[in-house]
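What TrEMBL says about this one:
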TRANSMEM  53-72  transmembrane segment
TRANSMEM  93-124  transmembrane segment
TRANSMEM  130-148  transmembrane segment
TRANSMEM  155-177  transmembrane segment
TRANSMEM  197-215  transmembrane segment
TRANSMEM  236-257  transmembrane segment
TRANSMEM  288-310  transmembrane segment
TRANSMEM  331-348  transmembrane segment
TRANSMEM  354-376  transmembrane segment
Amino acid sequence: MNAVRSIEFLAAGDGQHNLFRTLGPTLLISMAYIDLGKWLVAVDSGSRFGYDLVLLVLLFNFSAILCQYLSTCIGMVTGKNLAEICRQEYSQVICVVLGLQGWVSLLTSEVTMIAGVAVGFNLVFEHDDLIAAICIASVVVNLLPYTLSRLDTRVAGMLNACVAGFTLLCFVLGLLISHPQTPVNMNVMFPKLSGESAYSLMALLGANIIVHNFYTHSSFVQVQRRSSVLTLGSLFHDHLFSILFIFTGIFLVNYILLSSAADESSATMVMNFQDAMELMHQIFTNPAAPIVLLVILLFSSHVISLTCIVSSDVISENFFGIKLPLSAHHLLPKGFAMILTIYCAKVAGPGGIYQALIMCPVIQAMLLPSSVIPILRVSSSRLLMGRYRVS
């Protein structure tokens, strides 16, 4: 799997490729935030609560920036990934719990990836057989990683970063072009919490902060540890700028989806998959929007597939003490995700897929509290971080 190992070369970089060294890992990580499930969560929340959740979405976005930045700092200063440090600092029981949470987070990401690509196929080709679309999606998302594995490692790393950058650019600019008149409402208020609003808040939280990305991001950048204080400090600033730049674009799209859904659905509320698709058709007015959507989903699924392999490898080796070949990390999560997605489609049809896409971010949010603790504890430890600790 040279395509996976190419990520290490991308992060290591050299003097002539500082941009890829800092921006590349963040671009790869960001693909997990632009699948169809994240879009549906924003549309669903906007249709139900209007602009009331905008400030909280901004807060969640800042929290994601903080967590990803601390993860990069931990990897660069210690030369170890977060899971490796947790294995040294925590008991075996706690490591198993953290590992299970990381693997559940990984599985939800795989489910939303496969379900999103399947829905994209159905929208573009007007095909109603969800199970067949799921099977096709499960195969298609594996084609590009194996194609890139035949390329030179350095070339594959740069190509992965370019694919991620192109996908993010299409993601942001495509929505802006398709919906040029973006509403701006300054009368934003915090919602009154209820059972329904709490569910939407958890979905938005899980859509903005993804647990297994903490371990993946720290693993990507751990090769960047340098003895020179000036070089390490400049890397901190470069990574912070990259994370701010990319996550600002992600927030911009989430805001457009949420606010547009609030305006378009003033008389109706999203209750099922068909309502969400009709509302998205109203938001994406350009006839080419479904094709662009499918392209974004295909390219992002390729990068998500690679990052999930790295996540699975890091989690299983450090939390469970199990070392498997990369092909096993590639096939096992996708196999489980494929079975779960087919089960949802078989039992409940499109409604089951819709509920799965909404429920996956909620599960992510439930995993966050205990998964954030190691980041805060390690990054504030003088013993582990030295002069770079975050008090």
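Just so it is clear, glycine is given a Cβ too, placed from its N, Cα and C backbone atoms.
In TrEMBL, annotation is done automatically, which means it is predicted and not curated.
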Query raised in the report: Considering only Cβ pairs under 8 Å, which range in 53-72, 288-310, 331-348 makes the most contacts with the transmembrane segment (93-124)?
Result: 288-310
Query - Selected stretch (most C-beta pairs under 8 A with the transmembrane segment (236-257)) from 53-72, 155-177, 288-310, 331-348, 354-376 - result: 53-72
Query raised in the report: Looking at the transmembrane segment (288-310) and the transmembrane segment (155-177), are there 3+ C-beta pairs under 8 A, with each pair at least 6 apart in sequence?
Result: yes
Report summary line: Among 53-72, 155-177, 197-215, 331-348, the stretch with the most Cβ pairs under 8 Å to the transmembrane segment (354-376) is 197-215
Report summary line: Quick tally over 155-177, 197-215, 331-348 of CB pairs under 8 Å to the transmembrane segment (53-72) gives the top stretch as 197-215
Query - Residues of the parent chain within Cβ reach of the transmembrane segment (197-215), under 8 Å, 6 or more residues beyond its termini - result: 29, 32-33, 37-38, 41-42, 44-45, 48-49, 53, 56-57, 60-61, 63-64, 67-68, 71, 81-83, 101-103, 105-106, 109, 191, 250, 254, 307-308, 311, 314-315, 358, 360-368, 371, 375
